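As written in TrEMBL, here are the features:
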type     : residues : note
DOMAIN   : 47-299   : domain 'G-protein coupled receptors family 1 profile'
TRANSMEM : 29-55    : transmembrane segment
TRANSMEM : 67-93    : transmembrane segment
TRANSMEM : 105-126  : transmembrane segment
TRANSMEM : 138-160  : transmembrane segment
TRANSMEM : 218-236  : transmembrane segment
TRANSMEM : 248-272  : transmembrane segment
TRANSMEM : 278-301  : transmembrane segment
């Protein structure tokens, strides 16, 4: 007879790998589609690395605002690198398999850098609030020590929030033959749907992570800008109001570029099951690829000091 323990071992199944999906219905032109994707990844990595080098090498940019911008650029680099290998493998070489454990690692870092980016945007809104509401105390409030502590807190929060996710997926029993992912990378919501087990814990914990990180951050950002607007409306000169609000434009655009796709992905995963698969794929790509591409462009266009420092870095590279 087979023991009950042996039966449990036989009945528990985890696939060796998952099968990734590119852009459904457009498999025949993946080679052509890889060109704009490769271009966007190149722009994202080049632009954000230029910001990091510009802030590091320019002494006048050693200020809280630009330190937070460096954190944003670093999170964008991490987010791009999290999806780049698997996405380009699917589009370039039609290599669609991803190892089970590699999928869980990719999923962790993908969500980790998303949470970090949300937290950095919140920190940047706090920076703008302090700079506008109490400019005389700005340097004394946001010291280098405080900024380092904020950075450590952001990293710790993201790590502690997301570390359980791979283990919650690892414990599940999966269906043999059910290995097709909806994207060319691993989302938590996508992977857990492949399980032949009760995923209530995964659903509840995933919802908790979203609400306690991105949800809380977005509410606090709205509160920060409400207080900023209240402060600005108290200024006597209309010209001074416009000048003060103009210092927030880059950050507001970065917030919109990040949170609009996040809301779109969440809504589609919850309520868009009837939509074509291509819609799910495109919204997910917008969420993961577009913010790292646009953030360096936004800040280089709207911030003259950043633009000048980036040009100096490029000139130095050219002369070298």
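Positions of Cβ are set from backbone N, Cα and C atoms, glycine also.
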Sequence-remote partners of the transmembrane segment (29-55) [C-beta within less than 8 Å, at least six residues beyond its ends]: 22-23, 61-62, 66-67, 69-70, 73-74, 76-77, 80-81, 84, 87-88, 90-92, 94, 285, 289-290, 292-293, 295-297, 299-300, 306, 309-310, 312-314
Same-chain residues near the transmembrane segment (278-301), Cβ under 8 Å, at least 6 residues beyond its ends: 21-26, 37, 40-41, 43-45, 47-48, 50-51, 69, 72-73, 76-77, 79-80, 82-83, 110, 117, 182-183, 185, 187, 250, 253-254, 257-258, 261-262, 264-265, 268-269, 272, 307, 310
For the domain 'G-protein coupled receptors family 1 profile' (47-299), the mean pLDDT of the predicted model: 92
